């Protein structure tokens, strides 16, 4: 199936809309993933995704499940736009006369897309993780010392940690590098993810095409996005655990800190065992599957082109 020709503005709009819809639907599961991945032996508060979400609602209210959502909703539009548009760009330039790409070229296009997106992904996830994990740290402190948490200033300190405040503090203390902490781990996660996801999606989606050049029905694109997304998400989950641990700035009193990918791997293996690298894997699959399913439906339905059609056309 030939790649669909879509203008760059339409690609950006499609990616942005898809990201906004997808993140809104799955953000609570993503919050549970972050908190489960950050749990270390001796400081386990949650036994499962459902247990995490129930305890979060009980202690922080319904909107506690959306801590950090504002950061994601703000930055997911450029992130998803860059990811989808970059993959399309590389696919078109690697294609020979519109012919179907070889698997190697599809993987190269995915590699290029994954590399481009980290410009937005790294600072977005850096800020999001701090906000998502704040409730876990607060709950741990309550268990350790009820008096300390109830003292004046305790809860207020956590509430004051907004995305803007965190950004200002990081820029003031560490410069722009503070927002890009964990860049290497993000690359190690997102590049392999895109190398797996985009070729797998393209091949699954082509199975439901209507004829040689006809696009696949929207439900085929949705299912292909879900299957490819969840497969790639589970495959790179060990690196996602490493990235989450490295990017987390505030930790419990008995939790380890990590200075890099190698040290993080070594400490996790020694203290928690290999199974720790699968923490949050099913949550991540549940997040990514509908996120990319929705993204591909929006993208291939051409929502961006539809919206652009309402803009006044310039006459030459």
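Glycine is treated like the rest: Cβ placed from N, Cα and C.
Here TrEMBL gives transmembrane segment for one range in the set 258-284, 285-311: that range is 285-311.
Looking up the ranges 12-32, 33-53 in TrEMBL, the one annotated as transmembrane segment turns out to be 12-32. DSSP places the residues of the repeat 'Solcar' (216-305) in helix, strand and coil in these numbers: 69 helix, 0 strand, 21 coil.
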